[in-house]
Amino acid sequence: MSTGPDVKATVGDISNDGNLNMAQEECSKKGFCSVRHGLALILQLCNFSIYTQQMNLSIAIPAMVNNTAPPSQPNASTERPSTDSQDYWNETLKEFKAMAPAYDWSPEIQGILLSSLNYGSFLAPIPSGYVAGIFGAKYVVGAGLFISSFLTLFIPLAANAGVALLIFLRIVQGIAQVMVLTGQYSIWVKWAPPLERSQLTTIAGSGSMLGSFIVLLAGGLLCQTIGWPYVFYIFGGIGCACCLLWFPLIYDEPVNHPFISAGEKRYIVCSLAQQDCSPGWSLPIRAMIKSLPLWAILVSYFCEYWLFYTIMAYTPTYISSVLQANLRDSGILSALPFVVGCICIILGGLLADFLLSRKILRLITIRKLFTAIGVLFPSVILVSLPWVRSSHSMTMTFLVLSSAISSFCESGALVNFLDIAPRYTGFLKGLLQVFAHIAGAISPTAAGFFISQDSEFGWRNVFLLSAAVNISGLVFYLIFGRADVQDWAKEQTFTHL
């Protein structure tokens, strides 16, 4: 990774050419064929792989557990088909249907296994983001992707070896996945021109929705046809294949990339010339604690991820209980909001950058407007869900609309940290991930409490609480949110502890 003086010298040389406008015109003609958009697509595939690996055990565990077996040892297994064949499946599939082990895991053990992925997640984001900011994201993200994907391949063996080994493997996996989700944002500090920041980050981030969609859609089908181990083999293999693209094609800075054109390199470096993006070993912790714009983003992350994790955890349950759908149909219906959300994330990023590049709206106006749209409309829609539960089509329409509109937040508060402190992007993303994980630990538990207390009004209370939390975060962000680089993020002014 180049040092700060090296980068500044390069910027100076290129800036003196006075060819920024020419470079902008040349790169605008390239469109999505540019190297930076190729990088966004590779990151999209990385996020796709990570999210499939996050959710694969949730999809496979119903097939892994032998509910008919008598109580025995916690890891006792029997050989049986992963699930009974449905009447409509072709007879040929029955011949190739793999025999997979089934385990006598109690609900308590299943809960521990499902949550073990997050046991190390609270500690990993800040160190991962900090290291990625100092040494570059290429090896931090690449290592995390390879470790998580490689360990995914061994989950069936670990399940056979014992619950303790499987829990340990999942903890290590969770830490590796945090390295990917946190470290990748350090790349955009050197690669994303300010006028394209929203579209590039949202293209990459849409891989999370796409991965959730594919797992929900294909996971149950794989378990029914060829056996649950192949859920881990296939998605782990996709992640390993992604590593073959990552290491040779990804570079931390455009000036070092061997395949980038001179025009695109000039455009990126000149567009970032006014930003001080060079990371430092020291952190202005005291100034960060006092920064209300930073707290506005932190509160927004907590509140918006509160709703996200509630929907992520309980959409299949809601569809199954309200629409009375079977397991296969519930998975397909649950996948619909995620695929629509994937598309809308990208469209929202393109729209945000269009408004900024045409100078229709100021950057802070775009961030606040998109956040308001992504919070208010989904909150109203979800609160209205209990009153349309008698109509299956209306219920699914509301769920899809909620996911689609909430994706606007990805171009709002959720990317705002890149605006206020580009030099500390890695560290801040790690800090934000901690707040997101805290919300993810609390919100499903609170939702489960409401649903268990009152089966009739429980869902209404879940949606009301989520809307209240989300709107509270929006109000705080609208008051204190900013989009200009903060004084503590400028080299000449920061003070360290």
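Just so it is clear, glycine is given a Cβ too, placed from its N, Cα and C backbone atoms.
These numbers come from a predicted model, not from an experiment.
According to TrEMBL, the feature domain 'Major facilitator superfamily (MFS) profile' maps to 39-485.
Under the heading transmembrane segment, TrEMBL lists 200-222 (among others).
The transmembrane segment annotation in TrEMBL covers 228-251 (among others). Beyond the transmembrane segment (228-251), the same-chain residues lying 6 or more positions past its ends with a Cβ under 8 Å from any Cβ of the stretch are 38-39, 42, 45-46, 48-50, 52-53, 56, 59-60, 63-64, 82, 98, 100, 138, 141-142, 145-146, 148-153, 155-156, 187, 215, 219, 222, 257-259.
Taken from TrEMBL, the feature transmembrane segment covers 292-312 (among others). Long-range contacts of the transmembrane segment (292-312) within the same chain: residues 212, 337, 371, 374-375, 378-379, 382, 402-403, 406, 409, 413-414, 416-417, 420-421, 428, 431-432, 435-436, 438-440, 442-444, 447, 462, 466-467, 469-470, 472-474, 476-477, 479-482, 486, each at least 6 residues beyond the stretch ends and with a Cβ under 8 Å from a Cβ of the stretch.
What TrEMBL records for 332-357 (among others) is transmembrane segment. Beyond its flanks by at least six residues, the transmembrane segment (332-357) meets 194-203, 205-207, 209-210, 212-214, 216-217, 311, 315-316, 319, 323, 325, 363, 366, 370, 396, 399-400, 402-408, 410-411 of its own chain at Cβ-Cβ distances under 8 Å.
For 369-388 (among others), the entry in TrEMBL reads transmembrane segment. For the transmembrane segment (369-388), the list of distant contacts is 300, 303-304, 307, 348, 352, 361, 394-395, 398-399, 401-403, 405-413, 457, 459-460, 463-464, 466-467, 470-471, 473-474, 477-478, 481: same-chain residues at least six beyond its ends, Cβ to Cβ under 8 Å.
Under the heading transmembrane segment, TrEMBL lists 394-418 (among others).
The list of residues near the transmembrane segment (430-451) in space but at least 6 beyond its ends in sequence, with Cβ under 8 angstroms from a Cβ of it, reads 118, 121-122, 124-130, 178, 181-182, 297-298, 301-303, 305-310, 313-314, 417, 458-459, 461-462, 465-466. Feature annotation from TrEMBL assigns transmembrane segment to 430-451 (among others).
Positions annotated as transmembrane segment by TrEMBL: 457-480 (among others).
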